[in-house]
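Written out below as C-alpha cells is the structure these notes cover.
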Amino acid sequence: MIKQILNKVSRKQSKFSKNQEPLDAQNPNLTCSGSKRSDLTGGNSRKLSSSDISAPLNPRFNPNDTNSRKGGHVSVSYESLPSFRDVPSSEKQNLFIKKVIMCSVNFDFTDPTKNLKEKEIKRQTLLELVDFVASNNVKFTESVIHEFVKMVSANLFRELTPQPRDCKILQSYDLEEEEPSMDLSWPHLQIVYELLLRFIASPEADAKIAKKFIDHYFVLKLLDLFDSEDPREREYLKTILHRVYGKFMVHRPFIRKTINNIFYRFVLETEKHNGIAELLEILGSIVNGFALPLKEEHKLFLSRALIPLHKPKSLMMYHQQLSYCITQFVEKDCKLADMVIRGLLKYWPVTNSSKEIMFLGELEEVLEATQQPQFHRCMVPLFKQIARCLNSLHFQVAERALFFWNNDHIESLIRQNRKVILPIIFPALERNGRYHWNQAVHSLTLNVRKIFFDLDPELFNECLLNFQEEEAKEEKIQSRRESTWKHLEEIAADKASSNEAVLVN
Amino acid sequence: MSMADEPLYPIAVLIDELKNDDIQLRLNSIRRLSTIARALGEERTRKELIPFLSENNDDDDEVLLAMAEELGVFIPYVGGIEYANILLPPLETLCTVEETCVRDKAVESLCRIGSQMKESHLVDSFAPLVKRLAGGEWFTARVSACGLFHIAYPSASETLKAELRSVFSQLCQDDMPMVRRAAATNLGKFAATVEPAHLKSDIMQIFQDLTQDDQDSVRLLAVEGCAALGKLLEPQDCIAHILPVIVNFSQDKSWRVRYMVANQLYELCEAVGPEPTKTDLVPAYVRLLRDNEAEVRIAAAGKVTKFSRILSPELAIQHILPCVKELSSDSSQHVRSALASVIMGMAPVLGKEATIEQLLPIFLSLLKDEFPDVRLNIISKLDQVNQVIGIDLLSQSLLPAIVELAEDRHWRVRLAIIEYIPLLASQLGVGFFDDKLGALCMQWLQDKVYSIRDAAANNLKRLAEEFGPDWAMQHIVPQVLDMIKNPHYLYRMTVLRAISLLAPVMGSEITCSKLLPVVVSASKDRVPNIKFNVAKVLQSLVPIVDHPVVEKSIKPCLVELAEDPDVDVRYFANQALQSIDQVMMSS
C-alpha cells in the first residue's frame, strides 16, 4: 500500500511541479491557521477547559461555519507551497513546518463539489510530507513535533459521525447486512494516518521528546477512534497504536488501562463498539510479549476484561482475536486454565447455538494446554456443561462436543478422570443414544459410549444401573418437590394466620 | 402423604433446591423466597435465612438478579421497619458483582428499603454501607455507591453530610470512567437532597469538573444533568453557573454533546427565565436548528413547538420561523419528519395571521413530501391546525396526500393512514368525507394484506360511531354486504369481520333485519373457514339481538353447522351453542 502511495506521489508530483506557478514567498496559511492554533497549545495539560470548547478545533466545527452549512466555504486563499526539491536544503525544515501547518485546515467532504481545488492542494501537500518523512531528512525537533502532532490531531480527532439514517428505511426492511460506512474524508485521512505511522516509525523521532506531544490525551483520542465504522481507518489505527505501544514505554500502562476501560464500557454498558477485534489483535501481540512469571496486573486483566468479553451478543465479530489472547495466557501459564474454563462456563450461552459452537472451539484450545491439576479442579462443572452440549438439539453443538474425544490430550485427561466424568455425562450419552434425531450425533455418541465401555466395563455398568434407577425415581422426585413446596406454603399460611391472631389479641 | 408427618426444615429445602443443577429450579426457589420466610417466621428469617443468603451468592447472574429483586420487598418478612437494616448485607454484596443488571437491581432494592428505614438506621447502617461501597477496591462497588447517596444524605448529621459530599466528589474524580459516568448520572438526584448553600459551592464545583472531563461519555452525562441541576438553583445562580456552560456546550465540537443540549435546552429555558432565554438561549437554539449534523437537527426540530410556546410570538416569528422554513426542505427526511410531527402545534402559538401567511406554505410543502412519514406526521396532528385556521384552507392539498398514502406500496404506511381516518372524518365533516374518502374506506376492505383489511373493518366501526347508525346504514352497510358475493373467500371473511364489529354500533333492529340474514346465508358457504367464522360471528351477535331471534334464526343455523363434515366448523358451532345455553341459563 505504501509503495502504491509513493508511486502516486512521484507521478503526481512531477505533473504537479510542471504546472507550478512561479513561487511566491507569501505564507498562505497565516490567515487561516491563526484562529485554529489555540486548541491544542495546552501542551501536556490536556484537560479540556472551557476555552478549549469555545475555540473551535477546525473549520468543520467552527460554529460560524456550522451556521452557514449550506453555503459556507473556507474563505481564505489556500495556495500550494513550493515543492521540497525546489528549495535549498537549509530551507527544507522551514518549509516542512509550513506545509504541516497548512495541512491543519480541514475541508467539508459531505459536499463533494466544495473546495475542490483546496482539497487537491492539501492532498498533494500531505503526499509530499509523507515522501519527505520517508526520506529521513526531517529533523524532528521539539517545535516540529509540536506542529506535526497538532496537525495530526486537527485532522484525525473528530467526533465519529453515525451512519446516515437516510434512505435505509424505505429501501429495505429485511436488509440484514449493513455495509460498513466509509468516511468521506478518507482521501485526506488516509495520508494523515500514513504520515503519523511514518513519524512513529521514524528513527529520527525521539521518543523522549515526542512523548511530550504524543501524550495521554493524544493516546486517549487515538483509542476513541477505534470505534470508527470505517474498517480502513481501524486497520491504520491498529498498526499505529501497536507502534506507539512499542515506542513509548511510558505510555504502556496507560494504553492497557484505557483499553480495559473501553472493554468494560463495551461489556457492561453499551455492547456497541466497532474496534474490539482490532484492539484484541494488538493485545494478542502484547500478551505474547509478557514476561514470566505473569504479573498480578496481567492476570487481573485476563479475569476482569478478557473473560467477560465472552458475554456480548456480538462475540462473533472478535472471537478469533479474543480466543487467541486467552490461549496465549494459558500457554504462558497453565495454572490459569482453571480460571479461564470457569470463566467460559459462567458466560456459556443458553440459547445462541452459533455462539456455543465458538465456545466449544475455544474450550478445546484451552483444554489442549490444560494440565492434570487444573483439569482436576474444574472438571465437575465443566462436564456438567458438556453433558448439556451433548444433548443439544442443534446437531453442530452436539457434534462439536463429541469431537473432544478425537483430541488425544483431552481424551487422555478424560480417561484418567473417568471415575468422576462418566457418571456426569452418562445420562446424556444414554439419552442421545436413544433419542437424538441426527444420525451423525447418534453414531458419534455410540462411539464415545463404546470407548468408555471398552475402557472400564465395570464402571460403565455401574453408571448404567444408576441411570436406570434415577430414571425410575425421576417422577417421584418431581412430585416430592411439589409436595414439599405445597407443605411449605401451608406452614407459611398457618404462621401468617397465627401471627394475625396474636396481633388481634 | 407421609410427607406431612416428616418434620420440614424450610432452610434445608432452600439449600437443597439451590444446589440443583437446573437453573430453572434454582430460580423458582429464589422466587419463592417469601414463602420460606413466612414459613420460618420473622425471627428465624432474620437469624437464619438472611445470613444464609449473604453467604451464598455465588450463583448465576439470573439467580442473583431474582434475589436482588426479592430482597427489595422483604421488609415485612423480617419483622417490619424495625429490622430493615438486616437486609442490607446481602444486598451490599450484590452491589459488587460484575453483571450490571444485578448491581442495578440491588441498588434499586437498597433505595427502596432505605427510603422506608428509620433515621437512626440510615445513619448507623445505610450511610456506612454507602461509604464502604464508595471505597470499594473494584469499580463495580463504587459505581453502585453513586446511586445511593440521595437516600443516605437527608437524615445524616452535619459532619456526616460533609463527609458524604466529599466522598461523592471523590467518586466524580475516580480513575475509572465507569465510576465518573455513574456519578454524573446520579448527580441530579443527589443534588436535589443537598442544601442550597452547598449546592452552590460543592455541587457546582463537581458539575464544573464533570463538564470538563477527558472522556466524551462523561461530559455527555454531565450535560444531561444540566437541566435537573438548573431547576434546583435560584434563577440568578442558574444564569451565573449553568447558562455559560450550556451555551458553550451548544457549540461543542462533539455532535453528541450538541445533541444532548438540543434535547435539554427547553427545560433550561424554564429554569433561567424569559430574559436570558431571549438573549442567550434563543441564539443557541437557532444554531442547533442549523447544525451540521442531522442528528442534532432532528433533536432540535422536535422541540420547535415547545420552544416557541415559551417565547413571545414576535420572537418565535422572528427567530424560530425562518429556521423552520429551512428545515422543511432539509436534506434529511428524518429532520423533516421530526419537524412535521410537531410543527402543527406552532399554529396556536403564532396566531391566525402568521399561521396563514407563514406556516401554511410549510404545512403544504410537508404534505407533499416524498417521504410518507413526513406526510403522515402532518396528517396525524390535523386537529391542532383546525382550531386556528379551519380545515378549508388545507383540504385542497389534503386530499391528494391522503389518496396517495392510502395507496402507498408499504402496507405499514397504509395502516397508519387508516388509523387517522376517523380523526380526519371528524375534522373534515360528513360532506367532505362522503365525496372523497368513502370510496377509499371500501377499497381497503379488499386490500391484499390482512392487517389492512382488519384495520379497514375496524375503521368502519369507528366511522359508524362518529357519524351515527343512520349515516352508516346509508353509506357503509349496503356496500359492505354487497361484498359477500366476492369470489375470494378471504374477502368474504372480511365482510363477516366487519359485520361483527358493526353490529353493536348499529343496534338490534338493523342487525336483525340487515346483517343477520347475510351471516346466516353465509353459513351455506362452500369454504369451511367461512363457516366456522359464521359460527363465531353468530356467537358474538347473541347479546345484541332479542331472545326470539336467537331461537328462531341463530340456533337452527348453529345446529346445522354442528353437523358439518369439517371438524373445525363443528368445534366452533358447538362452542357457540354452549355459550348460548350459558347465557340462557343465567338470564
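Cβ atoms here come from the backbone N, Cα and C positions, even for glycine.
Over the domain 'Phosphatase 2A Regulatory Subunit A helical' (B:357-518), the average per-residue pLDDT in this prediction is 85. Residues or ranges marked as domain 'Phosphatase 2A Regulatory Subunit A helical' in TrEMBL: B:357-518.
TrEMBL lists B:10-48 (among others) with the feature repeat 'HEAT'.
What TrEMBL lists as repeat 'HEAT' is B:164-202 (among others).
Sequence-distant contacts of the repeat 'HEAT' (B:203-241) (same chain, at least 6 residues past either end, Cβ-Cβ under 8 Å): 165, 168-169, 172-173, 177, 180-181, 183-185, 187-188, 190-192, 194, 196, 249, 252, 254, 256-257, 260-261, 264, 267-268, 270-273, 276. TrEMBL lists B:203-241 (among others) with the feature repeat 'HEAT'.
The helix, strand and coil residue counts that DSSP assigns across the repeat 'HEAT' (B:242-280) are 33 helix, 0 strand, 6 coil. If you look up TrEMBL, you'll see B:242-280 (among others) marked as repeat 'HEAT'.
Among the features that TrEMBL reports, repeat 'HEAT' is placed at B:281-319 (among others). Below 8 angstroms of C-beta separation, residues 243, 246-247, 250-251, 255, 258-259, 261-263, 265-266, 268-270, 272, 274, 326-327, 330-332, 334-335, 338-339, 341-343, 345-346, 349-351, 354, 358 of the same chain, each at least six residues beyond the ends of the repeat 'HEAT' (B:281-319), sit close to that stretch.
Under the heading repeat 'HEAT', TrEMBL lists B:320-358 (among others).
Under the heading repeat 'HEAT', TrEMBL lists B:359-397 (among others). Beyond the ends of the repeat 'HEAT' (B:359-397), by six or more residues, the same chain brings 321, 324-325, 328-329, 333, 336-337, 339-348, 350-352, 404-405, 408, 410, 413, 416-417, 420, 423-424, 426-428, 432 to within a C-beta distance below 8 angstroms of the stretch.
Tertiary neighbourhood of the repeat 'HEAT' (B:398-436): same-chain residues 367-368, 372, 375-376, 378-380, 382-383, 386, 391, 443-444, 447, 449, 451-452, 455-456, 459, 462-463, 466-467, 471, 475, selected by CB-CB distance under 8 Å and a gap of 6+ residues from either end. Per TrEMBL, repeat 'HEAT' is recorded for B:398-436 (among others).
Per TrEMBL, the feature repeat 'HEAT' maps to B:437-475 (among others).
What TrEMBL records for B:476-514 (among others) is repeat 'HEAT'. Remote same-chain partners of the repeat 'HEAT' (B:476-514), defined as residues 6 or more beyond its termini with a Cβ less than 8 Å from a stretch Cβ, comprise 441-442, 445-446, 450, 453-454, 456-458, 460-461, 463-465, 469, 521-522, 525, 527, 529-530, 533-534, 536-537, 540-541, 544-546, 549.
Marked as repeat 'HEAT' by TrEMBL: B:515-553 (among others).
Under the heading repeat 'HEAT', TrEMBL lists B:554-587 (among others). Tertiary proximity for the repeat 'HEAT' (B:554-587) is limited to same-chain residues at least six positions away from its ends with a CB under 8 Å from its CB atoms, namely 516, 520, 523, 528, 531-536, 538-539, 541-543, 545.
Broken down by DSSP into helix, strand and coil, the repeat 'HEAT' (B:164-202) contains 31 helix, 0 strand, 8 coil. Outside the repeat 'HEAT' (B:515-553) by six or more residues, the chain places 477, 481, 484, 489, 492-493, 495-497, 499-500, 502-504, 506-508, 560-561, 564, 566, 568-569, 571-573, 575-576, 579-580, 583 with a CB less than 8 A from a CB of the stretch. Remote same-chain partners of the repeat 'HEAT' (B:242-280), defined as residues 6 or more beyond its termini with a Cβ less than 8 Å from a stretch Cβ, comprise 207-208, 211, 216, 219-220, 223-224, 226-227, 229-231, 233, 235, 287-288, 291-293, 295-296, 299-300, 303, 306-307, 310-311, 315.
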